[in-house]
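The domain 'Cytochrome oxidase subunit II transmembrane region profile' annotation in TrEMBL covers A:64-159. Taken from TrEMBL, the feature domain 'Cytochrome oxidase subunit II copper A binding' applies to A:161-377. Residues or ranges marked as transmembrane segment in TrEMBL: A:6-23, A:44-65, A:85-110, A:131-149.
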Amino acid sequence: MKFIALIVIVLGIIAVAQLMRVYELTSKLRNRREEEIELRDNKMNANLMLLFMFIFFGSFLWMVARYGAGGIPVAASVEGVGYDWLMGLNLIIILLVFFLTNGLLFWFAYKYYKKPGVKAYWYPHNNKLELLWTVVPSIVLAVIIILGLKNWNERQGASGEDAIRVELYSKQFDWTVRYAGEDNVLGKFDYKLINGNNPLGLATRNTIDARVQEMDSLIKAAEDRINNPDNIFSVESMEKMRGDLASKERIYLRLKQLQNLHNDSLDVYAYDDIVKPSNTKLVLCKGREYEFSFRAEDIIHSAFFPHFRAQINTVPGMVTRMKFTPSMTTEEMRKELNDDDFQYILMCNKICGASHSNMKLFVEVLDEAQYNEWWTQEIAENTFKK
Amino acid sequence: MAVGAHEAHGHHEENFVSKYIFSHDHKMISKQFLLTAVFMGVVAMLLSILFRIQLGWPEESSDFLHAFLGDRWAPDGILDRNMYLGLVTMHGTIMVFFLLTGGLSGTFSNLLIPYQIGARDMASGFMNMLSYWLFFLSSAIMIISLFIETGPAMAGWTVYPPLSALPQAVPGSGLGMTLWLTSMAIFIASSLIGSLNYIVTVLNLRTKGMHMTRMPLTIWAFFVTAVLGLLSFPVLFSAALLLIMDRTMGTSFYLSDIIVGGEMLDNTGGSPLLYQHLFWFLGHPEVYIVLLPALGLSSEIISTNSRKPIFGYRAMIGSILAIGFLSFIVWGHHMFVTGMNPFLGSVFVFTTLLIAIPSAVKVFNYLTTLWRGSIVYTPAMLFAVGMVSTFITGGVTGIILADSALDIAVHDTYFVVAHFHVVMGMSAVFGMFAGVYHWFPKMYGKMMNTRLGYVHFWTTLISGYGVFFPMHFVGIAGAPRRYYDYSVYETFDANQFEIIFELNQIISVFAILGGFAQLIFLYNFFYSIYRGPKAVQNPWKSNTLEWTTPVEHIHGNWPGALPEVHRWPYDYSKPGAEEDFIPQIVPLAEGEEEH
């Protein structure tokens with residue numbers, strides 16, 4: 001089969017080459033020159049310009065009819081509804097410009113092809129016209145800028161006093177949720193405190209002391225391994241071990257500093273935090289404003305909630321934030337879409353390695369009664385320090 | 001003086017090496033740039049076809065993938081997940097930097113600056129040669145990085161740290177990334193030497209009568225492009241240098257509070273956002289470094305083949321300058337959702353949308369140039385019209401992305417991919433094709449086949465829009481870019497999964513068709529170099545100076561004295577003139593106004 005395909009391709013190439021040769025010889029016979037474009041070629045291309053315009057616009061409209069907005073459901077947050085309105089308005093503006101200018105372009109390209117005896121119109125400039133198409137776009141853009149910035153400032157502004165605080169923690173290739181507990185304040189954290197028992201590195205007197213001790217014993221063990229005369233290492237691995245040790249010592253020093261500066265009175269904020277195992281779905285309450293904060297453990301990820309029209313990157317070494325208010329429960333959206341399996345989603349939207357496209361977290365929006373029931377149980381069972 | 005220098009040059013004995021390899025002649029260097037760019041373009045297009053096969057037919061075994069990537073990267077014909085990221089990264093890097101920056105400016109600035117301003121050669125032939133050979137070296141290193149065991153760079157063409165700094169995070173951030181950074185450092189050196197040379201040549205070597213306000217728009221575009229490159233590439237160089245230090249010397253410019261692969265790093269105090277600011281300080285002017293030459297070439301081609309002066313010559317120059325200036329203060333629009341201060345974001349919304357004004361002026365001026373013209377459809381003219389169409393189509397979606405409030409939900413989705421591919425992958429590439437068809441007779445002294453050019457244009461236009469238009473729909477649906485596949489959609493919305501899957505297949509089919517369409521060009525290009533009919537001196541009846549030089553290339557461009565310029569380059573169909581063009585060397589008739 002492959003062999004036949006290969007033969008067909010080779011024969012095809014030979015056929016094209018022969019056709020070219022024939023074309024070349026006939027051109028020579030007819031004394032045709034490549035730079036002299038014949039009337040019928042000009043006319044053909046002009047007609048194709050018009051034909052292309054119809055196909056282009058037609059297939060665009062067909063795609064709008066068939067795919068709409070690519071199958072994304074209506075916005076499920078208050079902010080998302082505002083977003084969709086603004087997007088709709090801007091799309092109308094740019095589509096008008098798109099059809100007008102592309103339409104004129106292809107129309108002129110069709111109409112004004114070179115005809116014998118017709119000379120082009122000498123028209124080097126017209127200041128009034130140029131002023132017109134400087135001023136009109138400026139006015140339209142001013143409207144776009146004003147509406148856009150108004151929306152942007154609202155979305156980026158501080159959230160209300162009673163907004164529910166939630167932290168989302170990202171690493172290759174999953175998400176971890178931390179709810180702020182009854183006091184609605186997220187406890188302090190430090191990346192140096194992260195270990196198996198404390199996956200998000202919450203900072204309390206206990207976690208700090210435990211981690212200092214752990215680091216101390218890790219350093220001792222490393223020193224013993226290096227200094228034990230019975231162990232024989234290659235030069236490279238010795239160098240690597242010494243490097244690791246030095247790095248551990250630097251982290252240890254900073255941990256000690258953390259220990260000295262730690263304010264115990266802040267620990268209560270962390271005690272009632274609820275840290276779910278990674279990949280456990282995020283549960284939200286319809287109609288409540290949320291203040292999310294984001295952290296990243298290893299590299300940059302992006303927290304993208306397409307259904308709530310919300311996105312922010314998560315960056316190692318800094319905390320980023322966003323806010324939104326869910327306006328439809330998962331149940332309501334399922335009814336709307338007539339799809340019982342539909343789920344809200346949080347996707348990673350910044351390239352982060354092999355499993356980037358699988359880094360997701362399900363999101364469930366409950367109504368207030370369901371949410372309160374779920375919340376009471378969580379508070380009772382899953383706080384950081386029961 | 002210049003003539004004397006030329007005669008002194010004439011006594012050099014040219015051997016094979018000094019004529020074809022380490023040539024100082026701008027015409028030869030231009031051809032060298034073009035051939036390298038064609039090669040790099042073919043490689044980058046092939047890479048895109050490989051990952052389009054994956055996106056169109058995920059989980060299906062492909063002999064084609066296996067043939068190119070082997071057991072290492074496509075076991076059983078299924079693309080490796082890491083290599084997928086490597087392919088997108090290398091496709092982007094090669095297309096943006098090697099085809100559209102080095103290739104486009106390198107070819108046409110070199111060819112046209114001395115020709116169109118009436119100079120014997122570039123200000124420094126030696127620097128010009130150095131610029132090409134550094135470009136060649138960096139291209140070679142970039143290509144070599146495709147073949148190493150841990151794979152090429154895999155952090156996307158923007159190579160954001162920490163991903164690009166940590167080999168534990170992705171295998172491509174090992175040796176692949178080292179080669180990427182080395183290649184880019186050399187590339188930047190090449191680009192800087194080239195830019196400096198272009199600027200000096202334009203400012204100092206214009207022939208008598210060639211005032212700045214009589215320069216063709218091509219030269220204006222190349223000139224501003226060179227200024228942009230000269231001012232912005234050094235910043236990328238710094239960014240790359242700091243990244244190299246973070247990778248090898250344990251510094252913390254971009255790294256802070258990281259645990260990766262189970263290892264706690266002691267880096268602290270660095271900021272990944274710093275890299276992004278530095279990268280996009282180049283990255284946005286870069287977009288115009290890619291686009292301005294295409295606009296310049298198209299201006300010239302549209303005017304010549306409409307047999308009409310370009311409408312609003314001074315406004316066109318003003319637009320080029322305005323775009324050039326504004327391009328330096330818009331970079332933050334790439335960073336609206338990175339955690340950058342939202343107020344700073346608002347400032348960038350304002351500056352970015354301002355740039356739409358000179359762009360709109362350019363479009364309307366092109367339209368008015370075509371209006372009541374007498375259009376001759378050479379293949380170059382077709383591509384120039386296609387360039388304007390794609391510039392419009394890609395430009396209007398930029399308005400959505402420049403608006404921070406709207407960018408939130410389409411940032412890093414296929415909407416962005418669609419936007420910049422219509423502008424760079426189509427508009428800038430069309431400008432480059434237009435340039436090749438138009439100036440091929442000047443470069444090689446032969447004619448390309450017109451009818452094959454027609455077939456090439458129409459298949460490329462249809463397949464190009466076929467690829468990039470559906471991407472807007474995928475993107476507005478929120479589908480993230482750089483995803484290996486979209487199977488994740490199956491877990492939360494089966495309906496949307498179907499739509500994205502179907503659109504992806506359509507896109508991939510057109511991508512493959514588009515790939516075949518370029519074979520027509522390659523065939524025509526190489527066949528015509530060897531067997532094309534001999535060109536005449538001024539095949540397109542054009543006004544600019546390059547068409548007054550002999551068809552056979554000679555050292556120093558003009559056999560006798562340098563030509564003297566008496567008028568602007570756009571005297572097409574001027575009332576009162578017998579012919580529909582008046583070359584720049586023709587003195588003004590008595591009582592004739594310049595324009």
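Using N, Cα and C of the backbone, Cβ positions are placed for all residues, glycine too.
Any TrEMBL annotation is an automated prediction that lacks curation.
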DSSP-derived helix, strand and coil totals, residue by residue, for the domain 'Cytochrome oxidase subunit II transmembrane region profile' (A:64-159): 68 helix, 2 strand, 26 coil
Non-local residues, at least 6 beyond the ends, that sit with Cβ under 8 Å of the transmembrane segment (A:85-110): 46-47, 49-50, 52-53, 56-57, 140, 144, 147-148, 151
Same-chain residues near the transmembrane segment (A:131-149), Cβ under 8 Å, at least 6 residues beyond its ends: 86, 89-90, 93
Confidence summary (mean pLDDT) of the domain 'Cytochrome oxidase subunit II copper A binding' (A:161-377): 95
